[in-house]
Amino acid sequence: MTERRDNVSHAPDAIEGPNDGAHAEDTSPGFFSFENLGVAQVQVVGGTLNGFSIGFVAVYILLYEVATNCSLFKTTEACKAVGSYGCEWKDTEVCSWKKECDSDSDGVNPCESLIGYSSLYSGIFASAMIVGSMVGSIIAGKCITMFGLKKSFIIVGVMSVVASALNHISVATNEFWVLCAGRVLMGIGLGVVCVICPMYVNENAHPKLSKVDGVLFQVFITFGIMLAAMLGLILDKTVNYDNDPDMAGRFHGFCAVSSVLSVAMFLVGMFLRESTATFSQDDDGKADGGMDPNEYGWGQMLWPLFMGAVTAGTLQLTGINAVMNYAPKITENLGMDPSLGNFLVMAWNFVTSLVAIPLASRFTMRQMFITCSFVASCMCLFLCGIPVFPGVAEEKVKNGVATTGIALFIAAFEFGVGSCFFVLAQDLFPPSFRPKGSSFVVMMQFIFNILINLLYPITTEAISGGATGDQDKGQAVVFILFGLIGLICFVLQFFYLYPYDANQDHENDHGTEPVERILSPVDVPTPRN
């Protein structure tokens with residue numbers, strides 16, 4: 001029988017009594033107090049770095065397409081400035097490609113294959129960080145138990161700085177594989193960040209503020225994505241095609257933001273106060289007073305692990321990544337510039353995530369997550385799916401309904417699904433099992449992320465009858481599937497969060513000693529609820 005200890009986090013793992021809640025309301029620190037900001041800073045820096053790295057790919061690919069589209073540059077000076085990207089000034093007084101264009105091309109522009117990355121390279125580039133993040137989430141639990149949370153932040157900071165340096169080296173040498181190596185390394189660090197940032201807040205924030213601080217991670221992820229989109233819009237629209245476009249300088253400037261955030265992550269780790277939660281390196285946790293990471297076996301946690309995978313499915317398999325890819329296309333179809341449309345979508349994504357902050361002070365994580373997952377699933381099914389299917393609605397009606405559906409889907413997702421996920425990834429498990437449990441849940445969402453990125457375009461095209469088929473058919477069917485998956489996950493979460501034996505004690509493995517039920521904090525009310 002394993003001894004159970006009480007040296008756990010500040011996070012509310014049990015329901016407070018009325019007097020305790022009132023006392024906490026009177027003596028707790030304010031949201032903008034130094035005490036709380038000292039805890040929440042990990043969400044600000046870690047979330048922004050994560051979000052900017054997510055938005056990094058689309059902007060970098062866009063800038064690379066501009067740099068390699070030699071025909072855009074109108075003067076000798078401008079053409080020579082992009083010589084490292086394969087351009088040269090021809091005797092015909094035009095800027096063209098050093099390589100011979102594909103004379104057998106069926107396209108309008110025979111040099112189209114020389115513009116930007118190939119589809120294979122684009123896929124490798126886009127997937128590199130996600131694969132690294134999956135690896136990082138796997139090793140996050142071991143990293144926490146071996147080094148502790150504070151040292152884990154320092155390690156991630158060092159990895160991020162090295163990854164950012166590789167980005168700058170890639171820009172200077174125009175070497176694709178160096179860029180991919182930097183993305184993989186950054187991904188490993190961010191996989192760890194997705195575990196340690198929410199865990200540090202969960203273990204160290206005041207009970208009154210722990211859930212509000214918890215949703216900040218997703219808020220600043222969306223801020224980082226919007227920041228990348230905004231910089232991409234500015235850098236794209238200010239290129240001087242008649243003089244020196246300074247494309248290398250634009251790449252370096254864009255990568256410098258990631259470098260600054262990486263240094264900030266390292267500094268956070270250096271000056272961060274030690275976490276109140278520590279994990280013992282001793283077999284039973286008695287030698288140094290830390291929690292025993294082996295207190296619970298994987299077999300004992302099968303049901304929480306399963307439900308963690310279900311929450312990860314709600315996060316990714318309802319199609320947030322597909323929606324983000326589909327939304328810029330819709331804005332382009334409506335006559336909007338793609339880069340501007342991309343920025344507006346990301347800005348809406350950020351603005352809606354801000355709503356989660358006041359919601360977290362009034363509702364439980366459970367209420368926010370399952371309610372918003374239901375709404376988001378319905379948006380996929382009834383606005384983005386069925387009306388888009390060919391023959392169901394007229395073209396104008398279809399575009400209007402789909403655009404509205406995407407806007408409402410993003411809002412519902414950020415109100416409760418995305419904002420609560422990283423909190424629930426901690427709260428579903430007892431404190432001593434959180435390094436393992438949270439790592440598993442975060443790993444599952446990265447696996448689902450990879451599956452969506454790989455299968456979404458393939459499935460859509462296949463259902464549509466190929467590249468020349470009606471793509472609306474494939475889009476509609478895929479979004480209907482997203483909605484159905486979301487509703488199935490909703491039903492499972494609804495019944496799990498209201499377990500039949502919620503108020504009953506459970507016995508230990510020997511059946512002789514009652515063991516205190518670990519109430520999932522998704523059931524725990526906030527001071528205002």
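Cβ atoms here come from the backbone N, Cα and C positions, even for glycine.
Annotation comment: Swiss-Prot describes 1-22 (among others) as region 'Disordered'.
The region 'Disordered' annotation in Swiss-Prot covers 508-529 (among others).
Under the heading topological domain 'Cytoplasmic', Swiss-Prot lists 1-43 (among others), citing sequence analysis as support.
Summarising the annotation, Swiss-Prot assigns topological domain 'Extracellular' to 65-119 (among others).
Using a Cβ-Cβ cut-off under 8 Å and counting only residues 6 or more beyond its ends in the same chain, the topological domain 'Cytoplasmic' (141-152) has close neighbours at 192, 195-196, 199-200, 203, 269, 272-275, 277-279, 281, 293, 435-436, 438-440. The topological domain 'Cytoplasmic' annotation in Swiss-Prot covers 141-152 (among others).
Marked as topological domain 'Cytoplasmic' by Swiss-Prot: 197-214 (among others).
Residues 62-63, 66-67, 72-75, 77-78, 81-82, 84-85, 171-172, 339 of the same chain, all 6+ positions outside the topological domain 'Extracellular' (236-250), place their C-beta atoms under 8 angstroms from a C-beta of that stretch. Positions annotated as topological domain 'Extracellular' by Swiss-Prot, on the basis of sequence analysis: 236-250 (among others).
The topological domain 'Cytoplasmic' feature in Swiss-Prot is assigned to 272-300 (among others); the stated evidence is sequence analysis.
Swiss-Prot lists 322-339 (among others) with the feature topological domain 'Extracellular'.
Summarised as a single figure, the pLDDT of the topological domain 'Cytoplasmic' (361-368) averages 89. Per Swiss-Prot, topological domain 'Cytoplasmic' is recorded for 361-368 (among others).
Look at Swiss-Prot and you will find 390-404 (among others) tagged as topological domain 'Extracellular'.
Swiss-Prot lists 426-439 (among others) with the feature topological domain 'Cytoplasmic'.
Here Swiss-Prot flags 461-476 (among others) as topological domain 'Extracellular', drawing on sequence analysis.
Among the features that Swiss-Prot reports, topological domain 'Cytoplasmic' is placed at 498-529 (among others).
According to Swiss-Prot, the feature transmembrane segment maps to 44-64 (among others).
Positions annotated as transmembrane segment by Swiss-Prot: 120-140 (among others).
Contact between the transmembrane segment (176-196) and the transmembrane segment (215-235) does not hold: fewer than three of their C-beta pairs are under 8 Å, each pair 6 or more apart in sequence. Counting only same-chain residues 6+ beyond the ends of the transmembrane segment (440-460), those with a CB under 8 A from a CB of the stretch are 126-127, 130-131, 133-134, 137-138, 140-141, 191, 194-195, 305, 308-309, 311-313, 315-317, 319, 321-322, 325, 421-422, 424-425, 428, 471, 474-475, 478.
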